[in-house]
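Comments concern the structure below.
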């Protein structure tokens with residue numbers, strides 16, 4: 001299934017949840033936030049939120065800024 | 001702390017008590033390590049942070065949270081780079097999810113060249129954010145009318161610019177800053193424009209409750225030394241404000257007695 005993560009198109013084997021995606025990407029869930037098709041996915045819903053082809057995912061964190 | 005008062009002179013924003021009136025940004029430093037040293041030297045307890053995409057290709061990049069502990073510093077997520085209320089709200093919803101807190105810095109900018117705040121959009125965003133339960137510290141122009149409107153809709157701190165972001169031009173309109181200080185019942189924090197220690201002291205002498213700066217420290221030749229200078233300037237300015245300055249006079253007034261002159 002093709003999904004867009006942080007503006008980059010990726011092909012991933014489905015089915016996949018948000019938790020699964022973060023594990024595939026080897027991302028720590030500490031201090032990150034995930035948005036799926038402009039909707040926030042709360043941390044408590046990572047395990048039950050399934051991804052679909054064409055999804056646009058944003059994964060953000062805190063960086064230095066003024 | 002004022003010398004004549006036993007009471008701690010703290011800055012209170014949205015129920016949080018801070019001993020330091022200096023808030024610093026975390027951008028433009030050579031490294032996060034230098035950033036952490038500057039925060040320490042500044043005695044800062046609150047730092048602004050930006051929300052950006054996680055780097056998926058280089059996961060070994062250092063992370064801010066490993067250098068500036070969110071348990072030690074209050075993270076104030078900003079909306080830098082947002083030019084509409086919608087962008088700002090989207091960013092802060094993500095920030096709230098990432099960090100788990102409601103206190104945020106709202107800035108909605110108008111154009112890349114000046115980064116001047118778009119006050120109509122800022123006010124609109126502030127109203128929407130407050131409705132969603134955010135506690136909004138708001139970057140704004142030094143217009144007392146908009147400052148009042150922002151306070152009226154429930155912003156928890158008014159943060160007028162001294163001059164343009166990253167310009168280091170100091171406080172261009174001290175009269176307006178003073179007007180905003182006099183009319184506000186929430187903290188007023190000069191945000192942007194401070195270039196050197198005297199600018200920070202001036203903001204505090206005008207009666208501001210705090211100063212927020214980034215480039216003045218990060219862009220100094222020695223950021224850590226400048227962070228220390230800013231700490232002292234903010235404290236000096238605060239004490240001078242509390243002490244109440246002498247009136248200005250047009251002519252000399254001798255300090256030594258005239259009586260007994262030979």
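In case you wondered, yes, glycine gets a Cβ from its N, Cα and C as well.
Not measured: the values here are computed from a predicted model.
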Among B:166, B:237, B:244, which residue does TrEMBL annotate as binding 1-deoxy-D-xylulose 5-phosphate at the site that also has B:192, B:193, B:214, B:215?
B:166
Which one is closest to residue B:105 (active site, schiff-base intermediate with DXP) in space, judged by CA to CA distance, out of the binding-site residues B:166, B:192, B:193?
B:192
Taking each of B:105, B:193, B:214 in turn, which of these recorded positions have a Cβ less than 8 Å away from a Cβ in chain A?
B:214
Over the domain 'Thiazole synthase ThiG' (B:13-257), work out the mean pLDDT and round it to an integer.
95
Most crowded position, judged by CB atoms within 10 A, among B:166, B:193 as binding-site residues:
B:193
